[in-house]
Structure formats: structure tokens, C-alpha cells
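Participant: Input: one structure, supplied below.
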Amino acid sequence: MADKKGSNSEKLLYCSFCGKSQHEVKKLIAGPSVFICDECIDLCNEIIRDEAAAAGVEASLSKSDLPSPQEIRDILDQYVIGQERAKKILAVAVYNHYKRLKHLDKKDDVELSKSNILLIGPTGSGKTLLAQTLARLLNVPFVIADATTLTEAGYVGEDVENIIQKLLQNCNYEVDKAQRGIVYIDEIDKISRKSDNPSITRDVSGEGVQQALLKLVEGTMASVPPQGGRKHPNQDFIQVDTTNILFICGGAFDGLEKVITDRTEKTGIGFGATVKSKQERDAGEVLREVEPEDLIKFGLIPELIGRLPVVATLGKLDEAALMKILVEPKNALVKQYQKLFAMERVELEIRPDALQAVARKAIRRKTGARGLRSIIEQALLDVMYELPTLKGVSKVIIDDNVIEGDGKPLLIYEDTPKVAGSN
């Protein structure tokens, strides 16, 4: 765009792309007879990032150097603490799944079946984080669905095909990419049928949803309305083949240990039986002995269990594991809060006794790793409220008394220490 002259006779410069003047933008960068503003540069960067990410999905799955199970496990270790056996099972299953996809075009007498995954473990043990980390590592579209919100088609609530619509939305409605994505269905245990006998009455949010999910997990052509649209009989639908989508289902399965224990105690009778008291066997150890018949007894239909051949169990996180979760992963909570405080030019120190107190509190609440953030947030609330208006604070120290609510954070000023909230 040509330069225009202002009223004060000096040249006013304009962006050659959007036409905004130099006074309407933060920065105007000059080239040979053209100018570009900071807003247009940001927009160009965003377009390039989106296209690079889209190209990366295809590239990541077409490369011969698909991460090995060991490499997948190593990356999971950076984000997820503990659950070693579950990480190994997941690494092998995901590697085999995407290796299978790479060889789909090759003609062979042996057809490789898809191996979907079932994660069993208590709340806050890392089920969702494992699935999220896998999707990030493989650079494929990913969506989390809550099984408790699903109903059979035709009833009030979300039908199962909405899951595929969300997956499409996450990859800008590019069907090829969606067909190689990962779907994580959480709370799968909450749609178990009420008894292990087939239901006579209609169960639209339990067994009925399992039947609907069965087709999706097994592989079907899902009909999804166009971008931003709702289902209508007279409109064209986008057809998505779910055959090559990896489904990971997760749930706490509260009460499954009792089902397993009842079965194993019946079989473990006689002179050669190994006797262990209930106190000696923790829930994680019991869950590792899960069999398909236990899941059927719990309330999952046999057909759905058959479509989830890879079962990984996660144990309850103990105090030591929770303390590691607070500090060791790449995006550990303590590192996040230290970064927040660093933005105020203040150093945050959370002492080991405070970390231990946070872990103990999470165990008491039975929230696992999921409850750690709320405990720290509650402990730091007052100091985060006051800090932006306080002058000269260089460091904040948190001990176990702060976590338990019996004390206040210690503020270190450039001159002398002071307790938060004191005058």
C-alpha cells in the first residue's frame, strides 16, 4: 500500500498486508518498498505452525523411525512417575498399533488386528496423563470423552459419534488424520450394567452405550455432521472410518478388587495354595490378576471386553511417588508455581517437609495425583493474592505448617525476613 501523508506533512506508514497505520500497531517492519506490522507477522506464524503441525502428523506416521517401545517408555518416564508395568504395556501396544498402520497397504495373507487398550486404576493414578503424553509424542489428533455423558442415539445426551466429531474438530476436519488418531474414553466403568445378567429393560446410559461403543471401537463408518453443524436428515455427512483409530478406555473400577479376590480365594484352596491376608495384598497387586470374567462380573459386556485385548493396571500412588510427581516431571507442579512466582521476580522454595505434607493430604483425601494442585493452590492463595502489591520481596518459603493450615509462608525481603499477612 502506498504511503499517505498525515496532517503534519510527515509521512504516515501503512502495513502493506492489512492496511493499518503505524499508529494502530506496535511495530512496523520495513522491506524494499513494503511494510509489515507485528499483527500480520503473528498471523503468518500461526498459519505456518498449523500447516507444519498438520504435515507432522503424516510425517510422524510415515517415517521409518517410529519410536521404539523403549523410546516411548523413556518419554513417558519424563511426564509420568511410577506405573512401570503399565508404561511398558502401553509402549508395546502403541508401537505395534502404528507399525500395523504403516503396513496396511502391503498385500499379505496375515491380517493384523487392532489392539485397543483398557486402563484400570484408581483416581489420580495417571491414566489420562499417559494417554495425553502418547498422543503428544506421536503427534496425532487426540480427544478425551467422558463415558458418563454418553447415551444411545435418539436419547437426550451425547451419542457415541460425537466423540468422532470432536476428534475431527481437533484436526480441522481432515478425515485422513482423524482416522489415525487416539480416542481416550474416561470413566468407562461408570457405564457398566447393573447386574451380570442381560438387561430386560432399556439401559440407555449403561449397557446400551456399551453396545454403541462396541461398533465404534471395533471399526465402523461413523457419520459426522459438517463443520459446526448438527445432525439433520437432509444434510450430507462426513464419513469417518474408525477401524484404525486407537481407542484407550480408562476407569477406576471401584469394587473390582472384591470381584477378583472372591474368584482367587475360591481357586486358592488346598495344601499348595499360597495364603495371603487382605492386608498383605494391596489393591494394585489384586488388580494385576484381573481376568475377562471379572470384568464381565463387574458389568462390562463380553463383546466390548473382547475389543479391548490389552489391559494395563495402575496401582495407587504412595507418598514417595506423590512427592516425586510434585518435583520430577518436566511440567511438575512445583516447577509451574516457581515459574509463576519468577514472573513476579520472586523465588519460591517449597521445603521437603511441605512436599511430604502435600502428599499425605492427597492420600487422606483419596484423590491421588489429581488432588495435588488444589492442595498447593489453597496453601499459596494468600501469598499469591498479596505478592503483586508487596515491595522488596525476593523469596517465599513454604513449610509443612503452611500446607496443614497452621502457619503462613515466610517472606524474605531484600533486607529482613517477614511472615505473610503480618504488618
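From the backbone N, Cα and C atoms, a Cβ is placed for every residue, glycine too.
Pulled these features from Swiss-Prot for this protein:
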| type | residues | note |
| --- | --- | --- |
| DOMAIN | 3-56 | domain 'ClpX-type ZB' |
| BINDING | CYS15, CYS18, CYS37, CYS40 | Zn(2+) binding site |
| BINDING | PRO122, THR123, GLY124, SER125, GLY126, LYS127, THR128, LEU129 | ATP binding site |
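How buried are the listed features, and what sits near them?
Facilitator: Mapped onto three states, the DSSP output places CYS15 (Zn(2+) binding site) in coil.
LYS127 (ATP binding site) carries a helical DSSP state (H, G or I). All protein chains shown were included, and the count of other CB atoms within 10 Å of the CB of LYS127 (ATP binding site) stands at 26.
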Participant: For GLY124 (ATP binding site), write down the residues of its own chain that are at least 6 apart in sequence and whose Cβ falls under 8 Å from its Cβ; none is a fine answer.
Facilitator: LEU317, ALA362, THR367, GLY368, ALA369, ARG370, GLY371
Participant: If the Zn(2+) site is taken as the center of the Cβ atoms of CYS15, CYS18, CYS37, CYS40, which further residues of that chain fall within 8 Å of it by their Cβ?
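Facilitator: Near the Zn(2+) site, the remaining chain residues are SER16, PHE17, GLY19, LYS20, VAL25, LEU28, PHE35, ILE36, ASP38, GLU39, ILE41.
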Participant: Pop the Cα-Cα gap between CYS15 (Zn(2+) binding site) and LYS127 (ATP binding site) into the table, whole Å please.
Facilitator: 49
Participant: At 10 angstroms around each C-beta, which of the binding-site residues PRO122, GLY126 has the fewest other C-beta atoms nearby?
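Facilitator: Minimum Cβ neighbour count within 10 Å, taken over the binding-site residues PRO122, GLY126, occurs at PRO122.
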